[in-house]
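Participant: Copying in the features that Swiss-Prot gives for the protein in this structure:
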BINDING   66, 157, 288  [4Fe-4S] cluster binding site
BINDING   96, 185, 317, 318, 319, 380  isopentenyl diphosphate binding site
BINDING   96, 185, 317, 318, 319, 380  dimethylallyl diphosphate binding site
BINDING   96, 185, 250, 317, 318, 319, 380  (2E)-4-hydroxy-3-methylbut-2-enyl diphosphate binding site
ACT_SITE  187  active site, proton donor
């Protein structure tokens, strides 16, 4: 399928909208009313610090809603106002934030159901309005919705679209796309649908494994079993890893994406020599600015003398879990929560989710005496949620 030609055709359809309905000023005002916090604004204006009694708060200097998320959420709300009586569907969570998605449900936006990873579009009819979330949608989903005669509201983050352009470039020049991401993540599913041959690698360990295979040090059956579900149909590692380009899920750890790019550049340099490198490796630049800023701010935050650190964001939010990884790697006692309700003021407890683990209840999580708490949040977390967490910490330390 010529995905570029399809996208061009879709963009010229009178049933496709990727700009929204409100002016930038009205959009900003609506978001400010819904999600901004005077407390957070005050803390930002005070060098990201706050003190109340024995509680000392240090906020990361970049956290919370990014531009792409703000745009997607605003467009989703605008869509209901613009189509007050129509059936409105969304193909997935608009962003990985439970409060925002719950608000859409209260606005009678229906979420496409899925079973075993297969979405059921049977209830979507001609003339219905369908929102594509910030992560994007697969090209097959877009084609299906277009053929059904739906009004498509595309809130895909422009940084995600940039990655799609990258893998389409790989396809045009017959390169296999190596995508740094989680193969079941909505964004990676969308990105891979625009590729021809692709392989998804989760981390540096998997990238090094692929590198060894390219250099002739691996077993094909083991390779195929290890990456089952993470490569394109008909993928043959003996043929499809001679020419590779790297792309990424925009919310992955920036430093690891860069390392993975270096791994494959060095691998192709070793196998084919400098004179043929450009024929076998395509450089990339698909790291999202907002992801980079939040991770850099987190690296600065963990250098502070913190007693504990609270990371706020959806449990299925990739960018949030990577922020937590940074804290863990610095051996800081950190707690990942998705909503302020995970904190009990009465019990001085926090119900949190450690990495790759089930929920854990930590009692007496705020110790006696002076305490310095670091706080950050993922790109899908509104300021009001962060403020509500801080208010609970204030109440505990009174």
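In case you wondered, yes, glycine gets a Cβ from its N, Cα and C as well.
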Participant: Whose Cβ lies within 8 Å of the mean position of the Cβ atoms of 96, 185, 250, 317, 318, 319, 380, the (2E)-4-hydroxy-3-methylbut-2-enyl diphosphate site, other than those residues?
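Facilitator: Those within range, site residues removed, are 95, 135, 187, 251, 314, 316, 320, 378, 379.
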Participant: Given a 10 Å Cβ-Cβ cut-off, pick out the one of the binding-site residues 317, 318, 319, 380 that has the most other Cβ atoms nearby.
Facilitator: 380
Participant: In Å, how large is the greatest distance between any two Cα atoms among 96, 185, 250, 317, 318, 319, 380, the listed binders of (2E)-4-hydroxy-3-methylbut-2-enyl diphosphate?
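Facilitator: The span, Cα to Cα at its widest, is 15 Å.
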Participant: Taking the mean position of the Cβ atoms of 66, 157, 288 as the [4Fe-4S] cluster site, which residues outside that list, in the same chain, have a Cβ no more than 8 Å away, listed in sequence order?
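Facilitator: Apart from 66, 157, 288, the close residues are 67, 68, 69, 134, 158, 159, 160, 250, 251, 289, 290, 291, 379.
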Participant: Can you give me the Cα-Cα distance between residue 187 (active site, proton donor) and residue 318 (isopentenyl diphosphate binding site) in Å, rounded to a whole number?
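Facilitator: A Cα-Cα distance of 10 Å.
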Participant: In Å, rounded, how far does the Cα of residue 96 (isopentenyl diphosphate binding site) sit from the Cα of residue 66 ([4Fe-4S] cluster binding site)?
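Facilitator: Checking the Cα atoms of residue 96 (isopentenyl diphosphate binding site) and residue 66 ([4Fe-4S] cluster binding site) gives a distance of 13 Å.
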Participant: Cα within 10 Å of residue 288 ([4Fe-4S] cluster binding site) is the criterion; apply it to the binding-site residues 185, 250, 318, 319 and give the hits in sequence order.
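Facilitator: Taking 185, 250, 318, 319 one by one, the ones whose Cα falls within 10 Å of residue 288 ([4Fe-4S] cluster binding site) are 250.
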Participant: Work out how many Å separate residue 319 (isopentenyl diphosphate binding site) and residue 250 ((2E)-4-hydroxy-3-methylbut-2-enyl diphosphate binding site) at their Cα atoms, rounded off.
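Facilitator: If we compare the Cα positions of residue 319 (isopentenyl diphosphate binding site) and residue 250 ((2E)-4-hydroxy-3-methylbut-2-enyl diphosphate binding site), the gap is 8 Å.
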